[in-house]
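According to TrEMBL, the feature UTP binding site maps to Lys113, Gln176, Gly208, Asp239, Lys382. What TrEMBL lists as substrate binding site is His209.
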Amino acid sequence: AASQPDALTLITVWFNNTRLIEIHNFKLNKIFVVQVSKKDVEGFKKLFHRFLQVKGPSVEWIKIQRPPEDSIQPYDKIAARGLPDNVADCLNKLVVVKLNGGLGTSMGCKGPKSLISVRNENTFLDLTVQQIEHLNKTYNTDVPLVLMNSFNTDEDTKKILQKYTHHRVKIHTFNQSRYPRINKDSLLPVATSLHMTGQNAEAWYPPGHGDIYASFYNSHLLDKLIEQGKEYIFVSNIDNLGATVDLHILHHLVSQPNGKRCEFIMEVTDKTRADVKGGTLIQYEGKLRLLEIAQVPKAHVDEFKSVSKFKIFNTNNLWISLAAIKRLQEQNAMDMEIIVNPKTLDGGQNVIQLETAVGAAIKSFDNALGINVPRSRFLPVKTTSDLLLVMSNLYSLDAGCLTMSPKREFPTTPHVKLGSSFTKVQEYLTRFESIPDILELDHLTVSGDVTFGKNVSLKGTVIIIANHGDRIDIPAGSMLENKIVSGNLRILDH
């Protein structure tokens, strides 16, 4: 195994040797590929160097303080100021950026997650385009959409973008970096070449969404947008269907006096028991800072998860100044904690990948602010249980935006837990003849081989458990209210 001081030298030698082999083997037609990755090489070496230098935890628990009152503003206070007459002027300073590096594998889908259908045959990407097009048409503006792709999603995304050519939205893309996974023991890359084919496919990874700053800057798209008069980006995960452009937050940003310009806004929302792992905002050494569960010493994890001490969590809806990103990149002053993510490859090899989170850079920006937004701005679709909610009559769809039905008596969403038979989207769809009415549902747990007929209505707390070897078919038109269903129930066509 390499000793740590030697590791950086060995990484450099590895990259240089690999590049020479590539150029020798593939001659001119492949040199371009190698040159393109030069920025990735430099970026990775910088990250790796920092990884070697960091000793011990990145936060001292005793130094953590609650953020000052005025550093996290309630959304109502921001919205109470109303909107200016020149909404279009505000919008023309905005760029919408969606993080589009993830695959749909956790939901049993191939290709980019953004291409999964979530409502009325519309994909995450369709809904995003519809939202921005609606803004551009309503206010006669030019808000562009920028997608940060990864090498996993770039090709498939670009193919699908052709279908939006006649929509009133300019769409740009740039690519996240491509970094090598490193052997946990030797700290050397496990890749044998700079290519992604064969066994090498597993040797590379996109280094988390904190990579947005460097990749955006290196793509030259940042400069191009600043030249066009754009001032702020609104960044969010493409699978968060609540992350729509909010005109009140935008107005708050652009209306600050010059000396007090807020360079970074993080939307936070109140924590529930389902969000105990979400990152939270703290005051640390005089700066607002994001604290992630990975940074918390083991002895304090329960304290971190407690809803009483840390009341809010980061939705990853962020509003950031383009000029500030440019300044911090050029000064090499973007400071983000490194997340060390251990993985086991298919062959059983233990590797680590070094990542950063986009919100962690908050401490590098001037006059950063948290805004405590309604829960409706955080509607992520990570599982088919989430998908059931957004496909149901709980929400209505208008111009790409999902709005909770006024017929729902409580503003909270039901707690839904679908078992392993529902994990994959295709399987999940075959188990529902139609999506049940869940307007009055509080809690649903489904486990085992269960199917739902048409026009089923679920209310209160419903638990349906088919034991191994059993099957339960919920009949069409059933209404289950505060019921536990177990055993075996088969309905066969006569």
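Glycine too: its Cβ is placed from the backbone N, Cα and C atoms.
TrEMBL: automatically predicted annotations, no manual curation.
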Field: From Lys113, Gln176, Asp239, Lys382, the binding-site residues whose CA lies within 10 Å of that of His209 (substrate binding site)
entry: Gln176
Field: Site with most surrounding Cβ atoms, counting all protein chains shown within 10 Å, from the binding-site residues His209, Lys382
entry: His209
Query: Sequence gap of 6 or more, C-beta under 8 Å: which same-chain residues meet both conditions with respect to Asp239 (UTP binding site)?
result: Gly102, Lys113, Ser114, Phe124, Pro380, Val381, Lys382
Statement: Same-chain residues at least 6 positions away from Gly208 (UTP binding site) with a Cβ under 8 Å from its Cβ, in sequence order, are Ile339, Glu355, Thr356, Ala357, Val358
